[in-house]
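Written out below as structure tokens is the structure these notes cover.
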Amino acid sequence: MSFHLCSSPSSLLHDPNLFSVHPKPTPRTFVSSYNPNSPPFHSRNLLQIIHVSIQEAVPQETHIEKPKLDAASKRNAWVNPKSPRASQLRRNSYDSRYSSLVKLAESLDACAPNEADVSHVITKFGSNLFEQDAVVTLNNMTNPETAPLVLINLLETVKPSREVILYNVTMKVLRKSKDLDKAEKLFDEMLQRGVKPDNATFTTLISCARQCGLPKRAVAWFEKMPSFGCEPDNVTLAAMIDAYGRAGNVEMALSLYDRARTEKWRIDAVTFSTLIRIYGYNGNYDGCLNIYEEMKSLGVKPNLVIYNRLLDSMGKAKRPWQAKIIHKDLISNGFEPNWSTYAALVRAYGRARYGDDALVIYREMKEKGLELTVILYNTLLSMCADIGYVDEAFEIFQDMKSCGTCEPDSWTFSSLITVYSCCGRVAEAEAALLEMREAGFEPTLFVLTSVIQCYGKAKQVDDVVRTFDQVLELGIEPDDRFCGCLLNVMTQTPREEIGKLIECVEKAKPKLGHVVKMLVQDESCEEGVLKKEASELIDSVGSDVKKAYLNCLIDLCVNLNKLEKACEILQLGMECDIYSSLQSKSATQWSLHLKSLSLGAALTALHVWMNDLTEAALASGEEFPPLLGINTGHGKHKYSDKGLAAVVESHLKELNAPFHEAPDKVGWFLTTSVAAKEWLESRRSSGEVSA
């Protein structure tokens, strides 16, 4: 009896080869209603997503010649299992034959990879092998060395009506062992034998390349399909989104994804993971979240790789709150965080300066015995330096030294020295600097800048000068940040010692030294000269330090009681849009915004605002709105107990100003228009001209 062979994409969850090989109690007839000439069907209204890729591609069921069975096995009569004939019928059933073929496959896997031994095992099997038997045997094999030899033997002995089927099943064996080279060699042998490959052939080769982590070779096989008259179905196309994405052809991957959404392709979780990676690499973090939400809305469950990639993307985007949500989803869906999960969370919280959250993850890693890398330790230490977690930084540093898996590097010591320097702990900073040198790392300009800041906080001016000289001796050229640090130290230095620092500033940045001298000297300069010189200075420095320079220059003026010069520098900052939106007006409230200013700059801005209010109300007769407010923010400096709100509140009390802290708006001081006018009039009558 002869049978026709055809392929059918009837199930997406089985093998791409030619039929399902599950044992049945009776012989099977393989029937397919698939029309290869019909267009792809899309029976669902939504993009169908199941855990399918061409790693487990479209099965092809096959009409093949089946073995002849005896008359008893063909009858649909009930047989008493206790009957003596029952065992004989079982032996003659295809169930028994299937089990024998599985054992044959095991014997072929175990035999030596040579033609003689393979032929001996097959001959020893005894009875003639039919085409279906050949497919079952190869389908159950796992040895990539013997499978090609078995194929050759069966092609000669069975003489199948469609040789491509046996080649496809053999390629599946090679795919199981991720041996793409042998699979490609087998493809060449097919062509030499005159066997035309079909869709299942390419599907198996593409999935093998993906499993081997060789997306470019998967793309190459995909792009060969049209030349052999093969048209990829939507399952193969969906899988190619992943292959193109991994191969670096992002444009093609996203183009296929757009088509997938339109044509309702079935996309697997692996492909979605690649899409998230593509969007994350391109900085499209909203795109990452959209992919995640689309997966959930379509009922696909993200795997741990997807969660980790999302967490990593949210870390790069500095969206720690979304990292928290994704972490909760991960836990609620029954996943156990792995090392990559924790590492992504440390980076996400550390970069965003979510100190408490980062430390919770760090301690959880330690409890689970997970090792941190130098990069993760440095991320935590850098975070501690930025938010003033001194004790925590020391704990992390000691843990790093004792873990035995990584050693502190230059960045580690830099962060630790910064922590100690910002709070003026000179002894600890010097000890860390010494340890850094003993470890073989020379201090960088960043480190020496931190050391100068430390000595400045401790008012050890001579040590500041000594460290500055060391910078020059090392041949390091001071940059804008280093000079800004010297300027900041100057704002904390007693007047009698400022001259020592001016000499350093003049050597490091002559233009800055010139402006500082103009601020410090008692005699007045011509009108507009100071502003012109300061403007040229600000134009000469980077945008990242402009506001810091202006803050320090104003602080220096306030400390030296040179309010007029402070106002001139503030005015320059406003004209250059460095101090933007300090004042705002609406029909209901006029406000002064001090959140981004240093203490001296804030007090100067307050002085200017009060003079403006006096001018508006008493000279111009302008009507005040119902409320006037001062916004200082509610935070305090990370290395100081003093916050801007506390300083401004104290100053307002000294002035007897009628501003009071708003109970429902933290960081705001409010007053009514009536109270403000009465106070301004009393100031003018008493002759007060400054705040």
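FYI, residue positions are counted from 1 along the chain as it appears here.
Backbone N, Cα and C atoms are what each Cβ position is placed from, and that goes for glycine too.
Copied over from TrEMBL, here are the features:
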type   : residues : note
DOMAIN : 592-677  : domain 'Smr'
REPEAT : 163-197  : repeat 'PPR'
REPEAT : 198-232  : repeat 'PPR'
REPEAT : 233-267  : repeat 'PPR'
REPEAT : 268-302  : repeat 'PPR'
REPEAT : 303-337  : repeat 'PPR'
REPEAT : 338-372  : repeat 'PPR'
REPEAT : 373-407  : repeat 'PPR'
REPEAT : 409-443  : repeat 'PPR'
REPEAT : 444-478  : repeat 'PPR'
Self-check item: Whole-number mean of pLDDT values that fall within the repeat 'PPR' (268-302)
Solution: 84
Self-check item: Close approaches to the repeat 'PPR' (444-478) from elsewhere in its chain (Cβ under 8 angstroms; 6 or more beyond its ends)
Solution: 410, 413-414, 417-418, 420-426, 429, 433, 436, 485-486, 488-489, 492-494, 497, 500-501, 503-504, 507-509
Quiz item: For the repeat 'PPR' (303-337), what are the same-chain contacts with Cβ under 8 Å, counting residues 6+ beyond its ends?
Solution: 269, 272-273, 276-277, 279-280, 283, 285, 288-289, 292, 295, 344-345, 347-349, 351-352, 354, 357
Self-check item: Long-range neighbours of the repeat 'PPR' (409-443), counting only residues six or more past its ends (CB under 8 A)
Solution: 374, 377-378, 381-382, 384-385, 388-390, 393-394, 397, 400, 450-451, 453-455, 457-458, 460, 474, 638-639
Quiz item: Which residue counts does DSSP give the repeat 'PPR' (233-267) for helix, strand and coil?
Solution: 28 helix, 0 strand, 7 coil
Quiz item: With DSSP, how much of the repeat 'PPR' (268-302) is helix, how much strand and how much coil, in residues?
Solution: 26 helix, 0 strand, 9 coil
